[in-house]
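Below you'll find the structure I mean.
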Amino acid sequence: MTGKITTLLFDLDGTLINTNELIIKTFQVTLQEFLPDRVFTREDILPFIGPSLMETFREINPAHADEMRAFYREYNLKHHDDLILEYDGVYEAIRALYEEDYKLGIVSTKMYDTIMRGLKVTGLDKFFQVVIGLDQVSNAKPDPEGIEMALSLLNATKEEAIMIGDNYHDIEAGKNAETLTAGVAWAIKGPEHLAQFQPDFMLEKMSDLLAIVRDEE
């Protein structure tokens, strides 16, 4: 493969695997535990999807942010395998990219072990050469550190890479790292939300990536 795009970096949650209901349920339980006098609707929780847990909890309840994060992670791991879902066509598209020798990596705001658990449950783990979790970087997305680390480990340059994600943190991180960017229309916040951050591409389905990388050759 000698095309312009050789390297594809993906967010995990809401992009490769559908963890939306797991995340929302975990936030609901955590918030009820620590802030029982406040009511958080589903719509209230949607903005929490994407940022790191500490960023969210420090904004909501700074005095108990560490405790909330620990409670969240414990509940999330306990219910992880039962509540995550696969997106149609993702496995097939990632397998096709892998079989065509594209370099594939993940850059997520989740911890490495939790990323790997989700990948193994969905069978995607065998396709990714590099996985960067929050515990491997000093600065979470939209800082470009994770993307730059992944590119270095993959021996790839920003000019030949694209960052794919479902949240503005992913698009902004890609722009900050000076890669191409793609949003996913199946993002829980909707394609209109992502479009305002001007990704280079908007994927209606994951297989759209195959056409994009082939067109760049």
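The backbone N, Cα and C atoms fix where each Cβ goes, glycine too.
What Swiss-Prot records for this protein is below:
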ACT_SITE  Asp11  active site, nucleophile
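I'd like to know what surrounds each of these features in this structure.
Asp11 (active site, nucleophile) falls within neither a helix nor a strand when secondary structure is assigned with DSSP, and so counts as coil.
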When you measure from the Cβ of Asp11 (active site, nucleophile), how many other Cβ atoms are you left with inside 10 Å?
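A count of 26.
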